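Structure first, then comments.
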Amino acid sequence: MSAIVDIFAREILDSRGNPTVECDVLLESGVMGRAAVPSGASTGQKEALELRDGDKSRYSGKGVLKAVEHVNNQIAQALIGIDASEQSYIDQIMIELDGTENKGNLGANATLAVSMAVARAAAEDAGLPLYRYLGGAGPMSLPVPMMNVINGGEHANNSLNIQEFMIMPVGAKSFREALRCGAEIFHALKKLCDSKGFPTTVGDEGGFAPNLNSHKEALQLMVEATEAAGYKAGEDVLFALDCASSEFYKDGKYHLEAEGRSYTNAEFAEYLESLVNEFPIISIEDGMDENDWEGWKLLTEKLGGKVQLVGDDLFVTNPKILAEGIEKGVANALLVKVNQIGTLSETLKAVDLAKRNRYASVMSHRSGETEDSTIADLAVATNCMQIKTGSLSRSDRMAKYNQLLRIEEELAEAADYPGKAAFYQLGK
């Protein structure tokens, strides 16, 4: 392999027009790896720290020049001369250099930019695509996409508290076919919204953001759009929700403005069960507040045998917190967001821990994205079989889908599309 000879970071803009960190890693062989870091809107309390400048005179305080400086100085000095193939060692050096539990000194946006750029440089130097470099030579699955077609919560300016309403083309025979299915439903939904007088502006993740009267109305729209596109809801396509419940949990209750009601955790679990019974919902993310472990236990006991229950804010891609959740028997799947933990090595450790305990993993973007498509390669490399990367619009979302098309093409007959088998943890 080849040693690192230069590391350089810069401030660029993400899909929301906010600054983020991009990093270039140059090796002595002459190859370069480049990576850019995403940013979330609804964030878990225990996520690794995204370092912002706080200078209100620049980007309303959201600048990342401090993180860039950390990359170009402390991190570069510590890593130059090390072989780029030593990913775990490099990540551990940055963890120790930071010295905090949450990357609070250097910033997770600094460490992650370097970590991903190192992997890209090493893959390029080895003459391998990133998914092969990280995943090895074994069989690989393309992920079933969770396509966010209706946005609510923190991702849209409407009355829906549930943040994401997603379609999953489980009946497709290939990723290419799944992407076509999703695109056709997305365009059918646009026509449907037009016909009902709903605006067809899109939210942060590219889905529509109609001002509906209830969550059931959103789900019914999805059923109608699926059928209008020529597919069967419950057979060809299943639905997934991201409740982002921590955003509407206050004083021990779940407050749904769209429904005009507040619920205890037991009542909210029943409410979610009623949606599952009425609509073909296979996956619910953050169905309870991140600190409501009792609520999570109730929800898991009620729905965990038939519905994928995904911990995002609950686990924040942190192996230690995931281990606690596994021990307590809450949820049955992990949402994987690389910037929640701040290095590739820790991300891969979390996915491995989930697999060993029969928890599914869902590779995920953030609402503030860039054209970086690393998570597409990661989804294939880890065989996690599911990816959540937004709707069928906005080039920051399509970059990931298009990369998966390329990977499927490269793998040819070796590419597997799991469909419903992606939910292997259910009915155990």
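Just so you know, glycine gets a Cβ as well, placed from its N, Cα and C.
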Since Swiss-Prot lists Q163, R366, S367, K388 for (2R)-2-phosphoglycerate, which candidate among K190, K191, K337, K349 does it give for that site as well? K337
Sorry to bug you, but what's the C-alpha spacing from D242 (Mg(2+) binding site) to K337 ((2R)-2-phosphoglycerate binding site), rounded to the closest Å? 14
D312 (Mg(2+) binding site) and R366 ((2R)-2-phosphoglycerate binding site), Cα-Cα, nearest whole angstrom: 11
Return the residues near D242 (Mg(2+) binding site) by Cβ distance under 8 Å, restricted to its own chain and a separation of at least 6 in sequence. N148, I162, Q163, E164, M166, E285, D286, V310, D312, K388
If you measure S367 ((2R)-2-phosphoglycerate binding site) to E205 (active site, proton donor) at Cα, how many Å is it? 6
